[in-house]
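Asks: Per TrEMBL, the features are:
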DOMAIN    179-660  domain 'Cas1p 10 TM acyl transferase'
TRANSMEM  199-217  transmembrane segment
TRANSMEM  251-269  transmembrane segment
TRANSMEM  281-301  transmembrane segment
TRANSMEM  321-342  transmembrane segment
TRANSMEM  372-392  transmembrane segment
TRANSMEM  399-421  transmembrane segment
TRANSMEM  433-452  transmembrane segment
TRANSMEM  487-505  transmembrane segment
TRANSMEM  525-543  transmembrane segment
TRANSMEM  585-606  transmembrane segment
TRANSMEM  618-637  transmembrane segment
TRANSMEM  657-676  transmembrane segment
Amino acid sequence: QHGNIPFEDKSASIKVDFLWYPEVNGSMRQRIKSWTESSVAKPHIIVAGAATWSIKIHNGSSEALAQYKINITSIAPLLEKLARSSDVYWVLQDPVYEDILSESRKMITNEKIDAYNEAAVRILNSSSRNSKAKVKVFSVSKLIAQETMMKSADGLHLPESSRDTNAMILMNVYCNKIMKPIDGSCCQPQPPLTLIQKLAFCFFSLSIVGYIIISVIHRNNFRKNKSCTDLESGEEKKPAISTPNVSTLEMLLHSFCKLGLIMIYFYLCDRANLFMKENKFYTHSSFFIPIVYILVLGVFYTENTKETKVLNREQTDEWKGWMQLVILIYHISGASTFLPVYMHIRVLVAAYLFQTGYGHFSYFWIKGDFGVYRVCQVLFRLNFLVVVLCIVMDRPYQFYYFVPLVTVWFMIIYATLAIWPQIVQKKANGNCLWHFGLLVKLTCLLTCIYFLSYSQGAFEKIFSFWPLSKCFELNGNVYEWWFRWKLDRYVVFHGMLFAFIYLALQKCQMISEGKGDPLFSNRVSNVLLFISVVSFLIYSVWASSCKNKTECNELHPSVSVVQILAFILIRNIPGYVRSVYSSFFAWFGKISLELFICQYHIWLAADTKGILVLIPGYPMFNVLVSTFIFVCVAHEISQITNDLAQIVVPKDNSTLLKRLLCIAGFFSGLLLFSAMQDQSRH
């Protein structure tokens, strides 16, 4: 329609006007000038563009192009002035499909359209090149037209689908910076650097510079000590070979140098708007086909275990590894929308926590080591990466929910076993009554868990006290933390109880863990194996028949242990199965925690809501490249964490105490700066 088209929705306070100004002339200039006057309400968005009519009316003459440039030059300062307070877009003219243009439009050629577009792009913003307020060139419409113009009915006007796409992009550009959708959508503004992020950047920069300086000094010293020729005899004298002594400072700087470079990559991937993100779209094939691939690879790399005990180190690493790979595929494919898959993944998360209960209980029960060194080592290894990411990525601790979960459960296990009376295996072997004492402790723990799970108010009061609230609040409350804790509230207790029963049976020599031997007698092993397989399948059938996520989540804490125990028995009762493991899965299991945390920002994106796109247009190649980098980074961070743990957490108690005071000072400063940031934001 060659005329103005008004639209207004008073209920939504929206007013949109299509204004018919087909040429850049005095009429268009007068309209734009009226908006620049202070007494007039300025539009929030202005989308302007013209050229095709000028080509048609003036028969594509060069004089018309020259006049177009003069007219664009006259309105450019006005548009740039409007751009200070409004979003101003200049739409490039779309190409035409010259073969089907009518005779009256034959003078409109793509060559002339390109000349007009080039003139507009060159002239606009020429007077404000150093200003932040600029007219935005809406060039995407031209790109869309190049793909869809073949479907045009008359060779000039775009098909309806093209206009829909243009409108969608325009709304994304304007709305997303206000609505800030929590997904992989485009066009959200880059968040400003916080004070803590700036300090972290300075720290890592100094570490990198310091490591480079030390490396240069060592290289120069090495050159000086190189063999030199004896001038008298003409023979080459070689210095005595000595093992290079790497100082603690050098190792520290080396670790922080690598970590700093890795954190820059994290920031660029998920905060700097340098790389694109895409949203997830679930299909069965996108989840199940990769699962089949990794299972085949895992079976291919089968080796014999060093020991044949139940849940030996190689087996638990293997278990963590394949579970982590399945969880990664679950996240990148968006399979949480498919309830049966969601319920089975919940069992895998529960199995991690089951291993937490089993592993830490076994250590304290057998070793009886309740020293500060052990506690600090575990807490450092669990939390180091997350603390760094909280600082660099400006995210709360609770955002990485799994680490707070395993940290709190570790402290609960430690407190349960460390408080008086300390009951360990060595003491219990001397008097069987101590076993009942431990069962009383476990019963008290179960009672506390049951009480807190049904008393949300009491739970929230405990974790709402400062400074605990700073760690466990998300979006201003601790509900998310309560939900996560409640979802797997019994499984750590189940892991502790299983460890106690297993170690008791092992001590009484009621199980056989020799190579190739079944765990029990043949009859008992067959019965237990049959029950385990049936239980495993029954749980899977129940999980697959779930219709309501809320109802299934309510049952999950009580029944998830069924499939976990069934898997353990199936994996360990047959002697041959217990004697082998997959080195492929075990390798990933050793870095499973780093994989789980790193995926948030450098494999997925938009804080796990989208998918990182390093190579646009090639989805499979993009996944391969981003996955390779992601796994390498996770492995490197695991090495850095192990190296720093040896330095930061020494075995000497007096040195450890000094380090703990320094760490306490660091977190106090972090809380202070965080409070300052919160105050400035409000």
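Every residue, even glycine, has its Cβ placed from backbone N, Cα and C.
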Asks: What same-chain residues lie close to the transmembrane segment (487-505): Cβ under 8 Å, and 6 or more beyond its ends?
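Replies: Cβ under 8 Å, 6 or more out: 310-311, 346, 349-351, 353-359, 361-362, 365-366, 405, 409, 412-413, 416, 425, 435, 438-439, 442, 445-446, 449, 452-453, 511, 553, 556-558, 560-561, 564-565, 568.
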Asks: Is the transmembrane segment (657-676) in contact with the transmembrane segment (321-342), using at least 3 Cβ pairs under 8 Å (sequence separation of 6 or more) as the test?
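Replies: They are not in contact.
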Asks: How about the transmembrane segment (372-392) with the transmembrane segment (399-421) - do they touch, taking at least 3 C-beta pairs under 8 Å (6 or more apart in sequence) as contact?
Replies: yes
Asks: Let me know the model's mean pLDDT on the domain 'Cas1p 10 TM acyl transferase' (179-660).
Replies: 91
Asks: Are there residues at least six beyond either end of the transmembrane segment (657-676) with Cβ under 8 Å to its Cβ atoms? List them, or say none.
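Replies: For the transmembrane segment (657-676), the sequence-distant neighbours (Cβ-Cβ under 8 Å, at least 6 residues beyond its ends) are 195-196, 199, 372, 376, 391, 467, 470, 648-650.
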Asks: Taking pairs 6 or more apart in sequence, does the count of Cβ pairs under 8 Å between the transmembrane segment (433-452) and the transmembrane segment (399-421) hit 3 or more?
Replies: yes
